[in-house]
Structures are given as C-alpha cells and as structure tokens.
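Asks: Here it is, the structure, as structure tokens.
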Amino acid sequence: MAARPPRPKPAFTRNLKLEKDVPPPFANFAKYVDPSGKLNFAGKAVLHADGVDFSSGNSYKINMAELELREELGKGQYGVVQKVFHKPTKVIMAMKEIRLELDTGKLSQILMELDVLHKSHSPYIVEFYGAFFIESCVYYCMEYMDAGSLDRLIPYKNGVPEDVLSRIAFSIVSGLRFLKDELKIIHRDVKPTNVLANSKGEIKLCDFGVSGQLIQSLAKTNIGCQSYMAPERIAMSDNAAYSVASDVWSLGISCLEVGSGKYPYPANRYDSIFAQLNAIVHETPPDLPHDRFGPEAIDFVRQCLQKDAKARPTYAELIVHPFILKYQDHADEIDMAGWVQGALEWRQAHADELHQLKNGGGGTGAGSSPSSPASNHGKGFGLPNSLRDMMFGRRQ
Ligand SMILES: Nc1ncnc2c1ncn2[C@@H]1O[C@H](COP(=O)(O)OP(=O)(O)OP(=O)(O)O)[C@@H](O)[C@H]1O
Ligand SMILES: [Mg+2]
C-alpha cells in the first residue's frame, strides 16, 4: 500500500521555524500534545467554572488548583503577573490576572476569543497555554520569559547596541506582521513592557488585542497617561480609527527607548500630562543618539515616527529596511543571549538602586513602576472626550 502523503501544515505555521534543539514544554504530557510538540486544541472552547475545555480533538484545561504560585513577575494596570508551576505538566508559566467586573456571558466571549491563540504559533509571539476565570478575574496563562520585559533590561549600558536593536526591531516587526497577516489582529499596546526576552536571547510580543471584548471591557476603566500612543490616537476621539500605522508609531517610540535607554518624553520634563501629550502630538520626535547609532537605525525610527500616519511604512517595508538588512545576513553572530545575560547580571548588581527608583518614581520609563504617578508607561485606550476636546479641539 502506498505511504500516506504527509499532512499539510496549517497555513500560518508553514513558513515558521520551530525550535528544534529545545524539547517542547509539554513533551512529558504526550496525550494532549500533537506531533509538533504544541498543545492541540481542536474545536470550540467550552467554558465552565474550573477552566476551559476544548470540546473536540485533544483537550486540555488549566485551572487554579493545578497551579503552584511562585514569585510575582510584575504588576500592570489590571493586576499581577505571577510565575506559576503547572503541576500536571511540570511547566513553568506566567499567569496574568486581569481584574474585570463582567458578567458570565462576556467572560465566556473573551475566553472564546482567546481560543484563537491556540491556533497560532510564531517564534515572535509568546505561547498561550490557556485561561480560566474565578469570580471577576480572568487568569491568562502564557509562556514564561525568564528575562522579563525589555524595560527591565535597557538601563544596562543606557540602552542596547545597534546590532541588538536591529534584531529586536526585526522580532517586533515579525511578530506584528504575523498578528496582522495570519490572525488579522492589530496589537494596540506596543511598548517595552509588552516585549519579552528570554535567556536564549529570543524576543517575543505579548498582550496584543486578541479579544475585542476584552479590549472593550478594559477601555471603560482605562484612563491615564498614554505615552506610547500615536499622535492621531491621542488627538482623535474615535477609537475605531485605530490602524496598523498607530502600532508602527508605538514601535518607533519603543525602539527609541530601547536604543537610548530612556523614554523619549519623560514626565519630569513637562509641567503636566497635557504638556507631555502636546509634545507628542506637535513636536518633532527625538532621534536615536547620533554617537551610537548609524544613519540606517536613525532613519528606521524616523520613518516610524512620522506624524502623518499614512506616510509611515508598512511591515512589509520595515522588514526590508536597510537597518534590518544591515544585520540580517550575520544575525547568528549577534550575541543576543550574551546581551540578555549581561543585562540580567547588571540588574542583580543594581537591585537596591532599581528598587529605590521604582518606589520613588524615577519617571524615565526604564525601571519606573507602572503604577507610580510619575511613570510614563502607556496606560490605555483613550482620553476622556472632554479632555481631548479641551486639548486638541474636536475632530470629526
Ligand atoms: N510572560 C511573561 N514572562 C515574564 N514576565 C512577564 C510576562 N508577562 C508579563 N511579565 C512581566 O509582568 C509585568 C506586568 O505585566 P502587565 O502586562 O500586567 O503590565 P504592563 O505591560 O507592565 O503594563 P500595563 O498594565 O500598563 O499594560 C511586565 O512589565 C513584565 O515585566
Ligand atoms: Mg503587559
């Protein structure tokens, strides 16, 4: 009998490299794992109080009872991110708590929408393992990135060297492109706290707007300093106007911060949040430092930070920008893991200073607490209309 032809890979994984040298995290849990080593959730998610069941094909559910809480990894606007140990699989995960006052129907819809993540794999996106809810909290379990987010690593040497920035920019653009092309998703919250690194030197995106319902639910409670937002988002009252180009702006601001080690519009330079937002909307954005970055890197950021959203490059254009191509051919020689290691050691050696900065509110982005009033970290989806009108006049 003729051998069966191999099953075609789903379209979205066809062009992606899978890690070959690392055993998949669920290798010891074969019953639930497909041959690629990924959890296979075929069919629709079914929600119940203990977790999420995926009704057909292989199924797997995660619930709180199976998790052992380890240390806190960080705090965001909606809750805590904790390192957890999933006892049945022995996999370390990051669990994000999102506090929401929602009815069961909305929670159910959020989890159904999150299901799309089970079907998506990219080396530039953190893996999603599962979610469940308890009372008014959604718990979202994802790949644990052992070096944390970029904001924690960039105080080291006042920002990353040019070759490392090029690889980080490549990873972010690749991740954003994957979300857009394969999942039809706009990230909506690109910033250094949402770009994670691990000790292998991999860079991956998290916290993208996969769930429209979740975005809507969060938006209601989310007002504050929104410093990674594109000028058109700050100045316009209609959130529906959000487009990919706004993420490209946020990518530019993030590259500027990661390259220079500093958030480019620090709160302590402005008298008020209005003055700060006004600068974002009206002033020419700063360049990457000319003494450490070449013309290609400077141009990459300038292109992203054009005030006219339509003039900003697409991901297809950015991925072949001279700043990306400059390091593409010898990407393997760039010691990303070494840079991550150096940054982690630096953090450990400066733990006391960083702790003080966090509690005192440094306000430079790097090392400042997301919850401190002086923090510049972007918070949100929109200014209240009254404030926006006051600052920028109503736009139709
Ligand atoms: N998968 C992960 N692995 C390791 N650390 C993580 C992971 N996800 C998040 N973190 C850490 O937890 C912190 C808090 O994350 P969270 O998404 O709640 O807030 P944020 O992104 O810092 O800010 P905001 O709430 O304004 O979006 C992050 O800054 C990051 O350092
Ligand atoms: Mg985040």
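Yeah, the Cβs are placed from backbone N, Cα and C, and that goes for glycine too.
According to TrEMBL, the record shows the following:
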- 67-324: domain 'Protein kinase' (DOMAIN)
- Lys96: ATP binding site (BINDING)
- 356-396: region 'Disordered' (REGION)
Asks: Are there any residues in the same chain, six or more apart in sequence, whose C-beta is under 8 angstroms from the C-beta of Lys96 (ATP binding site), and if so which?
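Replies: Same-chain residues close to Lys96 (ATP binding site) (Cβ under 8 Å, separated by 6 or more) are Gly76, Gly79, Val80, Val81, Tyr139, Tyr140, Cys141, Met142.
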Asks: Tell me, what is the mean pLDDT of the domain 'Protein kinase' (67-324)?
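Replies: Here the predicted model's pLDDT, averaged over the domain 'Protein kinase' (67-324), is 88.
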